[in-house]
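What follows is a set of notes on a single structure, which appears directly below.
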There are 2 protein chains.
Amino acid sequence: MASEFDLIARYFTRAAPAGLLGVGDDCALFPVPPGEQVATSTDLLLEGRHFFPDVDPKALGHKALAVNLSDLAAMGARPVGCVLGLALPRLDEPWLAAFADGFHALADAHGCPLIGGDTTRSAHDLAISVTVFGAVAPGQALRRDGARPGDDVWVSGELGAADVAYRLLDGQYPADPALLAATRDALEWPQPQVALGLALRGIAHSAIDISDGLLQDLGHILAASRVGASLHYERIPVAAALASMDEAPLRRAVLGGGDVYQLCFTAPASRREAVLAAARSAGARAARIGEIRQQAGLDVQDGQGRTLADLPAGFDHFPAA
Amino acid sequence: MASEFDLIARYFTRAAPAGLLGVGDDCALFPVPPGEQVATSTDLLLEGRHFFPDVDPKALGHKALAVNLSDLAAMGARPVGCVLGLALPRLDEPWLAAFADGFHALADAHGCPLIGGDTTRSAHDLAISVTVFGAVAPGQALRRDGARPGDDVWVSGELGAADVAYRLLDGQYPADPALLAATRDALEWPQPQVALGLALRGIAHSAIDISDGLLQDLGHILAASRVGASLHYERIPVAAALASMDEAPLRRAVLGGGDVYQLCFTAPASRREAVLAAARSAGARAARIGEIRQQAGLDVQDGQGRTLADLPAGFDHFPAA
């Protein structure tokens with residue numbers, strides 16, 4: 001049977017790109033361009049909590065890196081490299097090969113090579129930790145605390161599909177193979193908006209990626225920037241697959257659904273054309289869904305200008321008992 | 001009950017040092033001095049695998065960071081910052097407070113502030129992921145692949161105590177409160193040799209930290225450098241507390257015991273005085289325990305020049321069934 005070290009070597013070691021010292025020393029080394037800072041983000045993903053035990057391992061490898069690249073995207077940082085920690089309950093080589101495939105394919109697509117890692121055996125569940133590194137000039141980073149009254153609120157992509165796929169797979173909704181087929185990729189193969197984040201530098205005042213739900217994540221921008229916002233529900237782009245859903249679960253998916261990995265950002269009203277041009281250049285879609293205001297709070301209005309009640313709460317890993 | 005975000009804020013957020021953007025945005029940001037590279041290392045620690053469920057949480061916070069700082073030490077890198085992922089099976093505020101205390105105290109001692117993190121709930125076990133960042137000029141990094149025939153092999157500190165403490169706590173050895181008291185700090189409060197690693201830049205040809213056992217970790221240097229080595233058993237510094245142990249378990253502890261977090265390094269024979277001066281300047285002890293040779297392999301000789309048989313195998317997270 002292969003040893004731990006053989007395993008790491010077989011599936012995760014690749015020739016390190018020029019200038020980088022990769023897997024195989026106490027530390028990995030990577031350079032940072034003069035005048036730029038390192039942006040870093042870390043996520044710890046657990047079986048049963050962040051993914052289903054039977055998820056396609058190739059999709060899981062993709063997503064484990066995607067959720068971290070999405071944080072770089074929200075910062076306007078260019079990916080430089082990443083490290084991976086894997087705690088495996090058993091030695092399953094086909095699983096490892098598929099996981100590594102999905103991970104490396106996304107890493108290659110974004111120029112974010114795996115340069116270090118740690119593999120260990122777990123007693124129960126699979127655990128995955130990924131830390132990504134990017135580079136960004138200090139004054140260009142898109143932060144959460146830069147939203148100002150008069151900014152528009154924007155969102156990239158379409159919302160809602162990942163939440164619906166999750167609830168279908170979790171058995172919260174009755175089985176609907178057609179709906180699952182139309183929404184599953186949004187949940188399992190999220191595409192981090194790295195190009196859009198880079199294109200928005202110098203244009204957006206603030207940005208965040210939507211991991212816990214639009215309202216909750218926008219709420220982080222509002223709190224950090226000490227401002228409030230009004231959103232217009234009918235302007236929020238909704239995945240076409242959800243057209244036939246009832247209004248209540250649809251709203252919950254659009255406003256509260258997590259695992260989206262699109263960007264929510266703010267930019268001055270004077271830069272609307274620049275935002276749209278940035279989105280086009282990144283091959284992304286951007287929709288203007290609301291306004292930042294001085295007064296604290298966050299409300300959502302319907303097409304008639306009425307404020308929606310019973311907004312969905314955000315996701316909390318430790319909900320009140 | 002406190003929400004996830006409140007918890008993170010209470011125990012892990014501190015004012016970020018000047019120039020760093022800490023916990024509270026999509027990414028943390030940190031600068032790297034011109035001409036230096038980033039050195040990074042990641043570890044994933046699991047309850048029942050890397051620590052006992054009832055370990056003092058303050059010691060655990062210390063050790064979770066210490067094992068990563070030890071990788072920076074082995075690279076000759078200066079600590080810059082770290083990120084922490086925590087998967088908690090339950091919300092235990094006294095535990096969190098003590099863990100944070102131990103973590104921050106070591107971070108402060110090494111100028112390695114916590115700048116980002118991820119807290120989540122686990123289904124079963126506690127899992128801790130730490131990724132550290134350091135800075136080092138590219139040509140100065142202590143690597144594994146630089147050992148050359150004619151180098152001395154050196155080790156810092158004393159070996160053996162952590163292994164004995166582990167086996168006592170694990171019930172592999174009969175209870176011996178005096179021996180446990182004398183060895184437990186080595187296991188639970190390892191001191192990463194950061195100052196020694198920095199002092200050895202420009203002197204040592206190669207270095208590694210001893211996490212899996214002297215023979216196994218030196219073996220990584222030998223493999224990466226394509227050389228062999230002879231060690232002299234009687235020259236290896238052994239913790240005084242182990243003086244009364246039987247020879248077989250003592251050898252296993254000294255040669256095969258993991259969790260040491262001292263440095264094993266090689267340096268040319270012409271630099272012996274420089275090594276000793278570096279160790280003195282770092283407040284560390286360094287012992288010359290062997291030589292690097294051209295011929296592959298690793299042997300250990302006793303005081304009479306006889307080669308020891310039955311050397312302990314290294315630690316493997318996935319031992320052959």
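The count begins at 1 with the first shown residue.
Note: Cβ is positioned from N, Cα and C throughout, glycine not excepted.
Please treat TrEMBL annotations as automatic predictions, because they have not gone through curation.
With A:ASP26, A:ASP71 listed by TrEMBL as binding Mg(2+) 3, the candidate from A:ASP170, A:ASP176, A:ASP185, A:ASP209 annotated for that site turns out to be A:ASP209. Using a Cβ-Cβ cut-off of under 8 Å to chain B, the binding-site residues A:ASP26, A:ASP118, A:SER211 reduce to A:ASP26, A:ASP118. Within the same chain, residues at least 6 positions away in sequence whose Cβ sits under 8 Å from that of A:SER41 (Mg(2+) 4 binding site) are A:ASN68, A:ASP71, A:LEU72, A:MET75, A:THR131, A:VAL132.
Around the Cβ of A:SER211 (ATP binding site), the same chain contributes A:VAL67, A:SER70, A:ASP217, A:GLY258, A:ASP259, A:VAL260, A:TYR261, each under 8 angstroms and 6 or more positions distant in sequence.
A:ASP212 (Mg(2+) 5 binding site): 22 other CB atoms within 10 A of its CB, across all protein chains. Closest in space to A:ASP209 (Mg(2+) 3 binding site), of the binding-site residues given as A:ASP43, A:HIS50, A:ARG144, is A:ARG144, taking the CA atom of each residue.
Just so you know, the Cβ of A:GLY117 (ATP binding site) picks up 23 other Cβ atoms within 10 Å once every protein chain is counted. On the 0 to 100 pLDDT scale, the domain 'PurM-like C-terminal' (A:186-301) averages 96 in this prediction.
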